[in-house]
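Reviewing the structure listed below.
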Amino acid sequence: MIEFEKELNSAQFEAATHPQGPVLVIAGAGSGKTRTIVYRLAWLVEQGIPPESILLMTFTRKAAQEMLMRTEQILGRPLHGTSGGTFHAFAFSILRRNSAEIGFPNGFTLMDRSDCEGVIKEVKDSLGYGKKDRSYPKKATLLDMVTKSRNKEVPIDTLVNSEAFHLATYSQEMEEIGKGYSIYKKQHGLMDYDDLLFYLEDLLANDKFLRNSLRSRYQYIMVDEYQDTNLVQARIVKLLAGENGNVMAVGDDAQSIYSFRGADVSNILKFPEIFNDVKLVRLEQNYRSTQPILDLTNAILDGAEIKFDKKLFTEKTWGKKPQLMVPLSDFSQSNRILDRIVKLQKKYGPEEVAVLFRAGYQSYGLEVALKRLGVGYKKYGGLKFNEAAHIKDILAFLRLVTNPADIISWQRTLGHIKGVGPKTALKIANAVIEAESKALGKFTKKYPLLQEILTDLDGLRKKKSSPGTALEVIIPLYKPILVAAYPDDYPRREAGIEQLAQIASNYDDLEIFLADMCLDPDQHSEEEKKEDVVTLSTIHSAKGLEWNAVIIIDLVEDRFPSKKSMQKPLEYEEERRLLYVACTRAREELIMSAPASINRRNTDFSEAAIPSPFIRELDPTLFDELQESYSGGMNMKKNNPITPPVSATSASNESKKTNLKKFGLCKHKIFGKGKIIEKIEPNKVRVNFPGFGPKVIVEDYLELL
DNA sequence: TGGGTTGAAGTTTTT
DNA sequence: CTTCAACCCA
């Protein structure tokens with residue numbers, strides 16, 4: 001018997017043992033959110049609720065697995081049949097069984113990011129857009145806009161006006177591309193991540209029988225990280241929960257960091273309006289970090305444009321102040337951080353140290369340093385295992401076994417035949433699909449390799465082969481192609497393919513294997529399995545995790561907050577929350593690093609770097625500052641001379657103000673070159689931009705020419 | 001139409 | 001430094 005009342009604090013207990021109806025748990029960072037969910041699961045099961053009637057939606061599959069495992073631990077017995085995973089994976093499993101009903105009689109193939117980009121490019125080209133226009137939005141940008149408009153459920157036009165003004169001239173065409181994209185997917189039996197959610201919603205809304213059967217199956221629904229759900233996810237929850245509404249939503253509005261993907265914080269704020277008689281529980285006591293760390297994280301939130309009514313507190317009143325390290329450059333930062341990692345690992349154990357950063361590439365320097373010293377590490381975020389060209393090649397081939405209409409995969413696969421490019425591949429694919437044996441005969445005669453590929457595909461299709469056996473056929477066929485394409489590093493890539501085969505051997509069903517590779521790309525990568533090593537992670541991928549010591553690197557302007565977010569208030573605020581998430585991962589030691597200079601990509605020279613505005617605005621008594629001396633050591637900066645470092649921005653503003661009187665030429669990041677025609681308020685001017693017309697701009701966003 | 005070359009532009013986060 | 005698309009030649 002579990003003693004719930006003893007194991008949980010009163011708020012946690014209240015949430016975990018709430019008998020019926022909707023509950024909203026606003027759980028501050030480190031407030032025992034996972035613990036609450038786990039105890040709720042255990043409580044439900046102890047009340048006699050069958051485990052298979054519980055549905056647990058999480059942000060990653062890993063999170064779900066961990067929670068289910070912990071529940072089994074405290075229950076002391078296995079938990080059979082509880083469904084746990086991401087919205088996307090859940091949607092896939094339902095849609096797969098009902099594909100005919102949503103207009104995919106032959107099933108569908110799930111696309112990953114680069115497949116989607118390929119389709120977008122195809123549509124763009126077929127519409128004849130962007131010819132000869134070098135500055136036409138790239139396929140990645142186009143896809144971003146299309147999916148963002150879909151996720152936020154706002155027309156592209158509106159989206160462009162509110163957050164991508166520089167694309168204004170293209171919004172009409174982007175709208176068309178979006179339409180074409182959606183038709184293309186349907187025609188070729190393809191779905192992207194967004195489709196999974198929208199088709200699921202349609203299915204639930206229209207199929208009363210299915211809806212009722214799912215409702216009676218899932219009596220209790222729990223949704224973790226609710227602040228990062230989007231509108232359609234919220235509606236799906238509503239459809240699944242039904243009248244009795246046994247939903248528990250858990251989240252923290254201060255940790256919402258996925259709005260770039262369409263997540264909508266107002267979901268969590270509006271939850272009480274959507275369901276009746278919502279029980280609201282707040283978890284505010286922090287069990288993770290020491291008080292000096294919380295003082296700093298509370299201060300970060302204090303600077304927010306829209307205030308959070310939230311002050312985390314802890315009983316761990318002891319502890320070290322967070323540190324701000326100022327290495328001379330981003331290059332020396334790697335070495336100084338390496339020293340710290342080694343020391344911290346001795347103190348806390350090798351697994352208990354993590355280095356966090358804004359973007360995947362920011363850890364490259366450190367990775368080199370770690371390798372040189374032979375310190376093991378695992379990295380989360382950034383490039384994925386299945387984004388490597390050779391892995392994609394193999395997966396494309398496998399996809400043709402299940403979906404012959406997948407033109408993108410045909411082009412990828414047939415492109416390896418000498419003399420075949422996208423155009424010829426398209427013709428061949430059409431000949432195959434339409435079964436035009438005459439045309440096909442010509443092609444197979446001309447390209448012997450094609451005959452081989454087709455024969456293998458046919459064999460695999462007929463036998464309904466498992467992923468493992470399919471790979472046994474494909475690998476020998478692909479090997480010569482691999483060797484020819486990458487003469488210098490094919491052994492490394494071959495090892496990657498071996499690894500893929502290893503993963504595949506755990507699956508019986510090819511379609512499920514392929515979907516999992518998109519839905520959960522790095523669950524099986526070798527990284528996962530490494531033990532006793534330091535963790536390197538993007539902050540997004542570190543969500544929900546914690547370590548004794550956390551180091552955050554590259555806290556300088558343009559890198560964190562990212563350059564792009566500086567001009568957009570909403571994105572800038574999200575960067576702030578991102579830093580909040582990063583800092584609240586630390587239990588005992590928090591180290592922030594803001595190198596004094598960074599290397600710009602296109603120059604050989606380092607440029608002076610300005611510490612992140614989030615750091616500059618902090619009260620300097622909240623942290624200790626360490627500066628790297630020219631001889632290499634780190635010295636404590638004595639009694640923290642109040643460091644509103646006569647910031648470079650304000651200094652340059654001064655000079656701007658005087659120069660602006662001349663009404664000269666200037667440059668704006670979005671509108672390009674323009675001429676200043678009028679000074680309006682103390683810090684605003686009217687500028688005429690060729691092509692855009694006159695605009696009122698805040699001086700700080702202008703560069704004088 | 002494929003394949004190589006050239007020249008310019010753009011750099012985040014993820015299911 | 002990398003990626004992308006236009007351009008040219010076979």
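Backbone N, Cα and C atoms are what each Cβ position is placed from, and that goes for glycine too.
TrEMBL annotations: computationally assigned, not manually curated.
For reference, TrEMBL has these:
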- A:6-290: domain 'UvrD-like helicase ATP-binding' (DOMAIN)
- A:ALA27, A:GLY28, A:ALA29, A:GLY30, A:SER31, A:GLY32, A:LYS33, A:THR34: ATP binding site (BINDING)
- A:291-544: domain 'UvrD-like helicase C-terminal' (DOMAIN)
- A:633-655: region 'Disordered' (REGION)
- A:633-653: compositional bias 'Polar residues' (COMPBIAS)
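DSSP assigns A:THR34 (ATP binding site) to a helical segment in the three-state reduction.
Scoring each of the binding-site residues (A:SER31, A:THR34) by how many neighbouring Cβ atoms lie within 10 Å, the top position goes to A:SER31.
Around A:GLY28 (ATP binding site), a 10 Å sphere centred on its CB holds 25 further CB atoms from the protein chains shown. A:LYS33 (ATP binding site) has a Cβ environment of 23 other Cβ atoms inside 10 Å. The ATP site is set by A:ALA27, A:GLY28, A:ALA29, A:GLY30, A:SER31, A:GLY32, A:LYS33, A:THR34; from the centre of their CB atoms, other residues of the chain with a CB within 8 Å are A:THR36, A:ASP252, A:LEU283, A:ASN286, A:TYR287, A:ARG288. For A:ALA29 (ATP binding site), the same-chain residues that are 6 or more apart in sequence and have a Cβ closer than 8 Å to its Cβ are A:ASP252, A:ALA254, A:GLN255, A:ASN286, A:ARG288, A:THR297, A:LEU312, A:TYR580, A:VAL581, A:THR584. Shown in sequence order, A:ASN286, A:TYR287, A:ARG288, A:SER289, A:LEU312, A:GLU546, A:THR584 are the residues of the chain, 6+ apart in sequence, with a C-beta less than 8 angstroms from the C-beta of A:GLY30 (ATP binding site). Long-range neighbours of A:ALA27 (ATP binding site) (same chain, six or more residues apart, CB within less than 8 Å of its CB): A:LYS33, A:THR36, A:VAL250, A:GLY251, A:ASP252, A:ARG282, A:LEU283. A C-beta separation below 8 Å, combined with a sequence spacing of at least six in one chain, links A:GLY32 (ATP binding site) to A:LEU8, A:ASN9, A:GLN12, A:LEU283, A:GLN285, A:TYR287.
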